[in-house]
Amino acid sequence: MDLLIALLPALFWGSVVLINVLVGGGPYNQIRGTTFGALIIGIILLLTGNAKFDDLTIIIVGLISGAFWALGQGYQLKSVSLIGVSKTMPISTGLQLVGTTLFSAIFLGEWSTGVQVTLGLVAMVLLVIGIALTSIKGKNEASESSKNFGKAMPILLISTVGYVVYVVVAQIFGVDGMNALFFQSIGMAIGGLILSAKHETSVKSTLWNLIPGIVWGIGNLFMFYSQPKVGVATSFSFSQLLVIVSTLGGIFLLGEKKDKRQMIGIWAGIVLIVIAPLYSEILKHNYN
């Protein structure tokens with residue numbers, strides 16, 4: 001039962017961008033609504049006594065990491081509007097894993113031996129190959145799609161910076177868990193407002209996009225529940241399966257068209273993107 005619950009964060013987080021697309025409204029309504037939805041979960045945690053105001057580090061780190069999450073999510077949604085979910089999510093997930101792994105290795109000393117460096121670089125190569133495979137161009141893909149892909153890549157790089165800072169700021173200061181989520185949700189809401197401030201939004205679309213934000217928050221709660229039960233490494237590894245949920249959801253639920261060649265590339269790429277972090281976790285715990 002605990003292992004099944006540990007799989008739920010991947011299901012919920014992988015569904016967030018799918019729900020964003022299904023309810024529509026464009027990236028600015030989507031990011032505003034999503035961050036406000038996360039704030040609703042944060043307020044519920046506050047009201048149930050799961051937010052503590054006696055640690056200034058948690059408050060500041062929570063606000064900063066939440067704001068950078070909004071940056072990452074907002075630009076990810078901009079990429080989705082250009083190239084779709086099934087192309088955006090594997091690339092985005094792979095780039096995030098590359099960024100967080102390299103940061104942890106270089107600045108937090110997680111690769112402290114020659115064996116760890118060698119195996120870690122192998123994991124990075126697997127990630128890069130996986131990203132490339134999921135990006136294979138279809139035989140009959142229009143030139144407009146190639147132009148949009150070119151526009152999406154710098155957007156995804158900005159998104160990656162947002163997500164990586166969101167993760168590593170918390171790692172640096174040892175801030176984690178349910179106590180930080182309320183402050184993160186405030187940072188997210190502020191970030192969402194800033195990103196959408198100069199763009200036209202509608203109340204109706206923003207309200208619909210509260211749903212994916214609430215779903216994201218619930219995914220976090222399942223993560224917090226499962227970590228003590230199955231361990232941080234297993235919980236983290238399971239959470240990376242979100243890329244399968246979002247990518248296949250984009251193809252089969254949203255109807256994003258792929259030819260046989262692209263489907264083979266997507267499946268192979270997903271396998272590598274999922275295997276690489278598992279491989280990194282193994283080397284982290286077995287080659288100290």
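Quick reminder: no glycine exception, Cβ is built from N, Cα and C everywhere.
Taking Cβ pairs closer than 8 Å, the transmembrane segment (4-26) reaches residues 33-34, 76-77, 80-81, 85, 88-89, 201-202, 205-206, 208-209, 211-213, 215-216, 218-220, 222-223, 225-226, 229-230, 234-235, 238-246, 249-250, 253-254 in its own chain, all 6 or more past its ends. Residues or ranges marked as transmembrane segment by Swiss-Prot on the basis of sequence analysis: 4-26 (among others).
Note on the transmembrane segment (33-51): residues 16, 20, 25, 70, 73, 178-179, 181-186, 188-189, 191-193, 205-218, 220-221 of its chain, located 6 or more positions outside it, place their CB under 8 angstroms from a CB of the stretch. For 33-51 (among others), the entry in Swiss-Prot reads transmembrane segment, with the evidence type sequence analysis.
Panel annotation: around the transmembrane segment (56-75), residues 27-28, 31, 34-35, 96, 155-156, 158-167, 169-170, 173, 175, 179-192, 194-196 of the same chain, lying at least six beyond its termini, place a Cβ under 8 Å from a Cβ of the stretch. For 56-75 (among others), the entry in Swiss-Prot reads transmembrane segment, with the evidence type sequence analysis.
Residues or ranges marked as transmembrane segment in Swiss-Prot (evidence: sequence analysis): 82-104 (among others).
According to Swiss-Prot, the feature transmembrane segment maps to 114-136 (among others), an assignment based on sequence analysis.
Non-local neighbours of the transmembrane segment (148-170) in the same chain are 61, 64-66, 68-76, 78-79, 82-83, 87-88, 91-92, 95-96, 99-100, 103-104, 107, 135, 137, 176, 180; each lies 6+ residues outside the stretch with a CB under 8 Å from one of its CB atoms. For 148-170 (among others), the entry in Swiss-Prot reads transmembrane segment, with the evidence type sequence analysis.
Under the heading transmembrane segment, Swiss-Prot lists 180-197 (among others), citing sequence analysis as support.
Residues 5-6, 8-9, 11-13, 15-17, 19-20, 23-25, 29-30, 32-42, 177-178, 181, 185, 235, 239 of the same chain lie 6 or more positions beyond the ends of the transmembrane segment (206-225) yet place their CB under 8 Å from a CB of it. Per Swiss-Prot, the feature transmembrane segment maps to 206-225 (among others).
The transmembrane segment annotation in Swiss-Prot covers 230-252 (among others) and rests on sequence analysis.
What Swiss-Prot lists as transmembrane segment is 264-283 (among others).
Taking residue pairs at least 6 apart in sequence, the transmembrane segment (264-283) and the transmembrane segment (82-104) share three or more C-beta contacts under 8 angstroms. Only residues 6 or more beyond the boundaries of the transmembrane segment (114-136), in the same chain, are considered here, and those with a CB under 8 A from a CB of the stretch are 87, 90-91, 94-95, 97-98, 101-102, 105, 149, 247, 261-262, 265-266, 268-273, 275-277, 279-280, 283-284, 287-288.
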